[in-house]
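Down below is the structure, laid out as structure tokens.
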Amino acid sequence: MTIHHDLSPTLNLIRLPNGEGLDLPAYESKGAAGMDLRAAIDEATPLMLLPGKRALVPTGFIFEIPEHFEGQVRPRSGLAFKNGITCLNSPGTVDSDYRGEVKVLLANLGEEPFVIERGMRIAQMVIAPVTQVRVAEITEASETLRGAGGFGSTGV
Ligand SMILES: O=c1ccn([C@H]2C[C@H](O)[C@@H](COP(=O)(O)OP(=O)(O)OP(=O)(O)O)O2)c(=O)[nH]1
Ligand SMILES: [Mg+2]
């Protein structure tokens, strides 16, 4: 499913040779936050991810993330729930100036081996706005009610 809003920024994609024939990353429902990413691995060589192991899985595309945005690579909840498959670095960060192939760092936290086939939807990418701040070093932090309380200081 393709969704366009007049005000949506454009995401330019470059298809790499290993992405030949794959569906473009797409929003799978009208209100989907993320576009699903597919495994651009060799058709003849499915990837067997053993329990406790990780693999960097190519998507077959270079993403030209618009300036002032990032791409967040996130797990699919179905794969996580059913098979224990997650993104080890979740959410993965794709910078707007990155011009390499987007890859998904999958990890198998389940108890069974998981086989990844070419074209399988392995993760999703959310395009989110980013604010870069100016960094200033100061000598005293402003006072607040919370102060230094954290990590459960307000109770359960
Ligand atoms: O799930 C991910 C995470 C990152 N990247 C690519 C795009 C991103 O712009 C680049 C660097 O990612 P990050 O900054 O998280 O990694 P790093 O270890 O800090 O590497 P670098 O020193 O290249 O910034 O790697 C992916 O393709 N998939
Ligand atoms: Mg970095």
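Quick reminder: no glycine exception, Cβ is built from N, Cα and C everywhere.
What TrEMBL annotates here:
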DOMAIN    23-155  domain 'dUTPase-like'
BINDING   ARG76, SER77, GLY78, ASN89, THR93, VAL94, ASP95  substrate binding site
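The record assigns ARG76, SER77, GLY78, ASN89, THR93, VAL94, ASP95 to the substrate site; their largest pairwise CA distance measures 26 Å.
For the domain 'dUTPase-like' (23-155), the model's pLDDT averages out at 98. Under 8 Å, Cβ to Cβ, and six or more positions away along its own chain, ASP95 (substrate binding site) finds ILE65, GLU70. Among the binding-site residues listed (ARG76, SER77, GLY78, THR93, VAL94), THR93, VAL94 have a CB atom closer than 6 Å to some atom of ligand 1, in sequence order.
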